[in-house]
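For reference, TrEMBL has these:
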- 1-23: signal peptide (SIGNAL)
- 52-177: domain 'Corticotropin-releasing factor binding protein N-terminal' (DOMAIN)
- C60-C81: disulfide bond (DISULFID)
- C104-C141: disulfide bond (DISULFID)
- C183-C205: disulfide bond (DISULFID)
- 185-307: domain 'Corticotropin-releasing factor binding protein C-terminal' (DOMAIN)
- C237-C264: disulfide bond (DISULFID)
- C277-C318: disulfide bond (DISULFID)
Amino acid sequence: MAPTFKLQCHFILICLMALRGESRYLELREAVDYDPFLLFSANLKRELPGEQLYRRAMRCLDMLSLQGQFTFTADRPQLHCAAFFIAEPEEFITIHYELVSIDCESGDFLKVFDGWILKGEKFPSSQDHPLPMTERYIDFCESGLSRRSIRSSQNVAMIFFRVHEPGNGFTLTIKTDPNLFPCNVISQTPNGRFTLVVPHKHRNCSFSIIYPVVIKISDLTLGHLNGLQLKKSSAGCVGIGDFVELLGGTGLDPSKMMPLADLCYPFHGPAQMKIGCDNTVLRMVSSGKHVNRVTFEYRQLEPYELENPNGNSIQEFCLSTL
């Protein structure tokens with residue numbers, strides 16, 4: 001059984017779904033037909049070796065953290081629907097079309113997005129994703145079954161769909177594959193430990209924890225060239241080109257979050273910080289010249305820790321939004 005996954009209520013009640021243009025979105029209706037917290041607090045069963053393929057119906061607004069086969073059948077016109085998929089940090093997600101019965105000419109659609117969109121913000125951000133934004137959307141009404149299987153670039157993906165005619169819908173099979181060097185990750189849990197490695201690649205990688213947390217960095221290896229450590233730059237961490245930053249905010253897109261700390265010189269920790277934001281991100285920026293590695297652990301802040309901030313550990317701009 002996978003761990004429970006619960007987002008803050010400001011992420012749950014309002015979601016946006018993409019239309020054909022990058023900047024155009026439709027707002028999802030509030031999930032009034034059932035408790036919206038069931039999306040992120042339900043028991044999420046994973047497929048076990050030797051068991052039959054897990055199957056269940058998909059809701060208009062859904063969260064899935066398991067492999068299996070999922071069928072959506074409209075019982076009435078469903079105009080603003082989305083399903084969010086999340087796997088383990090070290091996994092890709094593959095979405096496979098088994099059966100699609102929608103009327104594209106009448107305005108139905110089924111689109112896969114490589115990442116997540118919440119309240120108009122994207123993860124991974126446009127700065128950190130390997131694909132341009134136009135290639136992150138895959139529209140069934142444009143590609144049909146020529147792209148029957150679609151694999152995500154990280155451990156999260158989602159679909160947007162609209163079905164007018166009762167009885168129409170689709171069936172998807174969700175599978176996961178190992179990701180040897182996970183880059184952009186949304187954590188399923190508020191507590192954990194992770195090592196992020198970027199091996200000689202010019203890319204930026206973010207690890208997102210959608211909770212107020214204490215984060216402790218135990219090991220950081222950056223900027224080594226032939227065994228020699230790079231000298232300090234007067235321009236700070238950005239001038240060096242390989243660094244880790246801690247970000248905090250209330251949205252999903254790391255590029256729109258507040259920088260809280262920069263780390264750009266190797267050390268053996270621990271270095272600890274309390275971040276009272278709805279979303280905490282550890283982001284590694286890599287020039288591609290080196291093998292960069294950071295190991296960290298995190299846990300959700302207790303209510304009393306949020307009520308009694310001390311020093312410069314918890315940012316006031318985050319606390320004011322809780």
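Placement of Cβ uses the backbone N, Cα and C atoms for every residue, glycine included.
Heads up, TrEMBL stuff is auto-annotated, nobody curated it.
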Set of same-chain residues at least 6 away whose C-beta sits under 8 angstroms from C237 (disulfide bond): F243, E245, D262, L263, C264
Proximal residue to C183 (disulfide bond) among disulfide-bonded residues C60, C81, C104, C141, C277 (C-alpha distance): C277
Candidates C60, C81, C205 (disulfide-bonded residues) - the one closest to C104 (disulfide bond) by CA: C81
Between C141 (disulfide bond) and C60 (disulfide bond): CA-CA distance (Å): 19
Cα distance (Å, whole number) from C205 (disulfide bond) to C277 (disulfide bond): 20
Length of the line joining the Cα atoms of C205 (disulfide bond) and C81 (disulfide bond), in Å: 29
Composition by DSSP (helix, strand, coil) of residues within the domain 'Corticotropin-releasing factor binding protein N-terminal' (52-177): 15 helix, 67 strand, 44 coil
Alpha-carbon distance [C81 (disulfide bond); C141 (disulfide bond)] in Å: 16
Among C60, C141, C183, C264, C277 [disulfide-bonded residues], residue with fewest other Cβ within 10 Å: C141
Most crowded position, judged by CB atoms within 10 A, among C81, C104, C205 as disulfide-bonded residues: C205
Arithmetic mean of per-residue pLDDT over the domain 'Corticotropin-releasing factor binding protein N-terminal' (52-177): 95
